[in-house]
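Here's the structure, in structure tokens; my notes come after.
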């Protein structure tokens, strides 16, 4: 799963390119119009009052620009940003060290904020609400609590699983925005912008071909652009035309809907081994040699969005669209099952 070209999960190779391609201001940020409008209004209001921005929660599938937006917020507010992640903040002391290093108005960005431990969360509550740290000195009956004042800061939290956030944490965010999958026309603009920055010659048709196979995700679009560039350099004249893009993506085993070998294997497993379903998540995971969480969080969302897979009370079911895409004839009972749910 980690080696999938079309995975929206960040890979080490993405880091350098992401930095060079990442927009710095809201005016440069393509797509997510509602989110941009909301954040822009609150940024302007906070700057007009000379106050830090209220705490912001960004949630949605991976690769849609949550980290980019956090950096844009810092740039628009004219402040510094400190970046960490839920798994990296293991102990309350780790969080206390970060919070005490912030200056007035700074942004603290916590990626995967749903993975913070409960003990760390409890330290975060007064920091978000009262801009203070409650520190316990000593142990036993002689222990006493000391409150340490913090500079007013803005916490920007990002998560792909908003449902795992506790209510006390979620309720302390003043601005909550959901990022959606990108439209093909927005991805075309992103591909063209990235191509200009990277010095890649690409036609409008070539950009569209890459965009429509990018699973609605800018990170995937930029990754595909780089790989198609390599193919064009070796197998063509270096220019990404529609024909070159189609050939390159076929070579990379990314089909016109953005599915790769792993997606097709999952669908074929359900169809060929379990008659199209319904079949349970644990059974599917065992059959494809993946963890259930990987199947549920990585594979299923895009297949469900395309309408090729359905979650029902009895289990997962492949739809007639999945059969047709794989060149198979939908079974009669498959059609009946999907219509019932």
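Placed from the backbone N, Cα and C atoms, the Cβ positions cover glycine too.
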Listed in Swiss-Prot for the ATP site shared with 21, 22, 63, 66, 67, 68, 129, 130, 131, 172, 182, one of 213, 215, 219: 219
For the region 'Head domain (RuvB-H)' (256-341), residues assigned helix / strand / coil by DSSP: 52 helix, 9 strand, 25 coil
Largest separation between Cα atoms (Å) of residues that the record links to ATP, namely 21, 22, 63, 66, 67, 68, 129, 130, 131, 172, 182, 219: 37
Proximal but sequence-remote residues of the same chain as residue 67 (ATP binding site) (Cβ under 8 Å, at least 6 apart): 83, 109, 111, 158
Shortest C-alpha distance to residue 316 (DNA binding site) - which of the binding-site residues 21, 129, 131, 182: 182
